[in-house]
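As recorded in Swiss-Prot:
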- GLY152, VAL153, SER154, ARG155, CYS156, GLY157, LYS158, THR159: ADP binding site (BINDING)
Amino acid sequence: MKRTAFFISDGTGITAETLGQSLLAQFESIPFNKFTRPYIDSPDKARVMVQQINAAAERDGVRPIIFDTIVNQDIREILATSNGFMIDIFSSFLSPLEQELIAHSSYSVGKSHSIGGNSNYMERIEAVNFALDNDDGARTHYYDKADLILVGVSRCGKTPTCLYMAMQFGIRAANYPLTEDDMERLQLPAVLKKHHSKLFGLTIDPDRLTAIRHERKPNSRYSSFAQCEFEVREVESLFRRENIPNINSTHFSVEEISAKILVEKGVERRFK
C-alpha cells in the first residue's frame, strides 16, 4: 500500500526532508508519495496544512506520515490536530540534548542553514565555483589548489560528485575525462602525473554507461556498447597500472560515492 509522507517546516524544510527521506529509505517495500512543505510559519498556513493532511488520509485510507521541524509551539499544536502520524524531529532530539548539556536550546528557525554569520557560506560558494571552473578538464592550471581530482571516462558521474562534495563539504574537486588518446598512450596525461596524490578514479558498468551516453548522443559510436566496454576496460587497466584508488559508481548514489572518496583519500571536510 502506498503511503503519503509530508516534510513540514517553518524554515526551508531541508532538515525535515533530509532526515525524513533517510528514515523512509529503510522501508524499501513501501512506496511513498512525498511532499515538502516549507515556511509553514503562521497559524493560517498550519490550518491549510491540516486540510491537506486530512485529505491525504481520506484519499489513501490510512494516515500520512508527518516529519516536522516546527519551532513554534502554537503551530505544532495545530498540526497535531490533523489525522497524521507526527514525528516531531526537534522535540524528539532536543529534549534529551538539553538534559545532557544542562542547557536550553535556542529554538531558532533555520538555524543550521542561515547565511548571516555563517563562515561556511563563502567556503561553499568558492568550492562550487572551483568545481564549475575546473569541470571536464577545461582548465588544469589550478590543480595545485584542488583537494581532489576525479578521473574516469566521459559520463561516469564525475561532475555531479564534484558538485555534491563542493556543496555539502566545501571540497575543491576538479575532474578530468580520460579520452581514447589517453588510453592508447597507456599512461596518464602529464598534467595528472604532477598531482597523482590527488587522483581518484570513477568507473562504471559498460551497459549503464551505454544507456547514459545514448540519452546524449543516440546511435553514435560514442554511445555504442563496444566503445563503452573498450573505454571502461582500458581506464580500469590504467587505474591498476598507476595505482589510482577507484570506485564503480554504477550502484551507488552520489552521496555514497562522495563519502567513500573522502574516507579513501583521507580528505577532511571543510565543514560538517
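One is the number of the first residue shown, and numbering goes on along the chain from there.
Glycine is no exception: its Cβ is also placed from the backbone N, Cα and C atoms.
Ranking the binding-site residues ARG155, LYS158 by the number of CB atoms within 10 A of their own CB puts LYS158 at the top. Over all protein chains present, the Cβ of GLY157 (ADP binding site) has 24 other Cβ atoms lying within 10 Å.
Neighbouring residues of the recorded ADP site, listed in sequence order and excluding GLY152, VAL153, SER154, ARG155, CYS156, GLY157, LYS158, THR159, comprise ASN175, PRO177, LEU202, ILE204, SER249 (Cβ within 8 Å of the Cβ centroid).
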